[in-house]
Ligand SMILES: NC(=O)c1ccc[n+]([C@@H]2O[C@H](COP(=O)([O-])OP(=O)(O)OC[C@H]3O[C@@H](n4cnc5c(N)ncnc54)[C@H](O)[C@@H]3O)[C@@H](O)[C@H]2O)c1
C-alpha cells in the first residue's frame, strides 16, 4: 500500500434482488440479468450514453454461447456502445476479483472509471451433453457425406442422451462443496446451534436492513421482485433446528439447508472511478478499495479445508497493511455456509493453527461479532455465485460512508478450488 | 395506458356510421406537437378592438415564424387559428367586434384549430361597464370551446399590467425594446417592478403563452382562462429547447403522467431527476436512461425525501430549477365506508408529502431563484367526485397550496413561480382501473369528447416550467378537453 499511484473510489452499486432457483428469474438469462443490473446502475448515476473505461464481470456457471457475456450486456445496456468489457471467472470470488481488477486499472491510471460485476443463474443453467454423445456429434459434423454422417450417428445409445448438468462438486475430490464443508466443520467442532444462530442473525439483519430502507439506493427491482426471494422474515431458531442435516455423517452432520446458501439467480454491479472522474460528475465516493489479497489452499493433498483460503489471505493482507482485526469497523465474511464463517473465525483464534499454518506468533485475533455481516449476508440474501462480491462490496462501501472517512472494512470471500479473495475498504 | 377502444373504433368507416347513427360524439385525432412542427399548420386571422396592441405583437411573431397572417376570415380555404385582441373593451357594445372577427373565422377553422381571445383582468377595470365587458370575454370563450368541432380549442388569456402602443407597460415605466434584433417588432414588456426574480426581462410574456396555446402542445387544454401577471421574463436562446441547461425533478416519474412529463421536459432540454418509490425502480431506471437523466428511488412520504432530492440535484447536476410534484395515488371508497388508512395515505402522498418536501426544496440551497414549482391537481379537486373524498381533499388542497405559495412574498421576491395543472380524464393506469361506465363517461363528457394523453398534461407542465413563462404564477391550468365536470 501507499505505493499505489492513486486511489480507486467505490461510488456505489446496483443489484437486482436475488431470486431462488426456478423462482422469479426462471426465464431470465444471465445476459438479461446483468444488463438489468447495469441499467439500474446507469440510471442511478446518470450515466446513460456515457463511455466508461471498462466493464468487468463474469458468471461462474456460463453458457458457452455467452463467451462475451459482459460485452454483450454492455451492448444491450444504456451505456455507450463504445464502453469496452471483458469476462472474468474465479468461482464465487468472481465479483470481488472483478472489483479488484477495475480498481487496479484505475489506480494505475489506465482507466478513469469502470464497473465490476457478476451474474449467475442456477435456473437457466447450461446443459451439456454426455462426453460420448459430444464425440459422436463432432464426428458426424465432420462427415463428408450423408452416409458417413448416418454411420456416425448410428453409434448412438439412449443412455448417452442423458444431459450432463453442471455439478457443484470439486473435480479433484468428487466431493460436493457441502461435503467438504462438513469435514471442515467437524474438524473445528462447529456446532449445529452456532450455525443455526448465525443463519438466524443473517435473516434478521437483512430484514432489518430492508425495513430501514438500506437497499433503496443499492437495488433496482426486476421482474416483479423487490426483495431477495430467499429472505425469511419469519424464521426462528426452532424452525432452523427442525431442519434435517443435508451434509456430513453422524455426529458431524450439522449442516442443513438453512445453514447453506441456496442456489440463486441474480446480478450485481459496482461503480468505481478515480477521484477526479467522480468529482467531475458530482458523485461522492463512498469508500476506497485499499488493497486485496488472494490465497489458495491445497485441499486435495494438503489437509486443508476447501473453503479455508480466506483464513490465510486475511492475515497476509493485514500484515502488508500493518493492521490487526481490531482495526476494522466492519467485517464481511461471505456465508457460503454458516460453518464457513464460524470455522474461519475459530481458526483465527486458534493458537496452533495461527502458529503452525499462518506462521504467526500467536492467535491472529477475534472478530467482534457485532461488526460481522451487520446487514445479513448470503444465507439470507442468497448466493448467485459471481454476484455476491458486488453485493458485499457495495453494501460495505455504503456502511463505511455512513461511518465516515477513515473507517475500515474487511471483505472475505471463499471460492471453489480452494481459493479466497479478501480486500480492505476505507470509508470516504 | 388504457386502450381507447371506442376512440379507435370510430375511426373505421363502419364505426363512424355506427357512432353517427347513435348520436355519440365523434372524437377527433388531436394535433399534438412533434419537434420540428410549425407553430400553426396554416394561416391565422389576427385582429382586435381599437389599437389592438397585442394583436400587432402576435401578428409580428407569427410573420417572423413564416405564418400567414390575415386581418379577417378568408372567403375560402382553411385557417389554423384566430387571435382576437379585446384588451381595449370598454363596454358591452364593444363585444360586437369579437363576434364580427371570430364568428366568420370559425366557419373556416381547420381541424385542431385555435381560438385565442386576449383580454384584461376584470378586477382591475376602471368602470362597471368595463368590468362587465371584460368578464363577458370568458363567457364567449367557454361557449366557443363547446361550439368548436374537430379538435379545435378556445382559450382566454387575461393580461395584467398597462398597455401602450409598442409595449406592455405598468406603473408608468414605458419601455421600448426590440426582440432578438428584429427592429420592426417591438416587444411586450410587463412591469419590471419589485417582484422581479432576476429575470433579465428581455422577453415577451405573451409570446410563451401563444407559442404554447397555438401549438400542438396545448392539444387537450380547452375552454380555459389563463392569466399573465405583470412580470418581466427572459426568453430562451432556442425556442425548441426552452429548458436547456435546466435541472428538473419529477416525482412519480416511473409511469403515467410523470413518465410523460419526464420525456417532455427532457425533450425541451432539461436534465431530469426521475423520482419514484423503490418498488417502481425498474420502470424508473428505464425512464431515467431513456432521457439520459438520473433515477432517485425515494418514497415522497419519507421524512427525508425533500432533502434527498435537493442533495441529489445539487451534487449530481449542480442545482435545481424545476420541481414537478406529480406522484399521486387514489384509494377510492365512499366516505361512509372510508377507513383511516385510505384516507390518510391519499392525503399524505398527494398533499402532506408536498408540504414536507417543499421545506427542503424551498430552503436555502434548494430551488434556484427564478425556479418553477408545478403541482398536479385534478378536476376532482375542483368538481368533487363520488367515492373520492380523500382524493378530492388532497387535490383541492393542492389548489389551495398553489394559491398561497404563489402569493408568498418571499417566493415572489426570489422569482419562483408556482402553478398547477389539473388533469381531467387522462388515459393512464390510474384511470384504466376505473369501472367501465365511469371511464367512458369521463372520456366523453368533454368538448373534445375523448380522454387526454399523459403527454398532453406533460406539455402543459413543461410550459409552466419555462422561464419565458414566468409571468404566469398561481394558475391552475385544467388539461381536461373542456370537461363538463366542475366547469
Ligand atoms: N390519470 C388521470 O386521469 C389523472 C387525473 C387527474 C390527476 N391525476 C394526477 O396525476 C398524477 C399522476 O397520475 P397517473 O395517472 O400518472 O398515476 P399512475 O398511478 O399511473 O402513476 C403515479 C406514479 O406515482 C408514483 N407514486 C405513488 N406514490 C408514490 C410515493 N409515495 N412516492 C413516490 N412516487 C409515488 C407511482 O409509483 C407511479 O409511478 C397524480 O398526482 C394523479 O393524482 C391523474
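These residue numbers are counts, starting from 1, taken along the chain as shown.
Backbone N, Cα and C atoms are what each Cβ position is placed from, and that goes for glycine too.
Since the structure is predicted, the reported quantities are computational estimates derived from the model, not experimental observations.
Across the domain 'Thiolase N-terminal' (A:9-275), the prediction's mean pLDDT works out to 92. The domain 'Thiolase N-terminal' feature in TrEMBL is assigned to A:9-275.
The active site, acyl-thioester intermediate feature in TrEMBL is assigned to A:92. Cβ environment of residue A:92 (active site, acyl-thioester intermediate): A:60, A:334, A:336, A:383, A:385, A:386, A:388, A:389, A:413, A:414, A:415, A:416 lie under 8 Å away, each six or more residues apart in the same chain.
The feature domain 'Thiolase C-terminal' is assigned by TrEMBL to A:284-426.
The active site, proton acceptor annotation in TrEMBL covers A:383 (among others).
Look at TrEMBL and you will find A:414 (among others) tagged as active site, proton acceptor. Residue A:414 (active site, proton acceptor) falls within a strand segment according to DSSP. Note on residue A:414 (active site, proton acceptor): other Cβ atoms within 10 Å of its Cβ, all shown chains, come to 33.
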What is the Cβ neighbour count of residue A:383 (active site, proton acceptor) at a 10 Å cut-off, with all protein chains included?
25
Just to be sure I understand, if DSSP states are collapsed into helix, strand and coil, how many residues of the domain 'Thiolase C-terminal' (A:284-426) fall in each?
60 helix, 33 strand, 50 coil
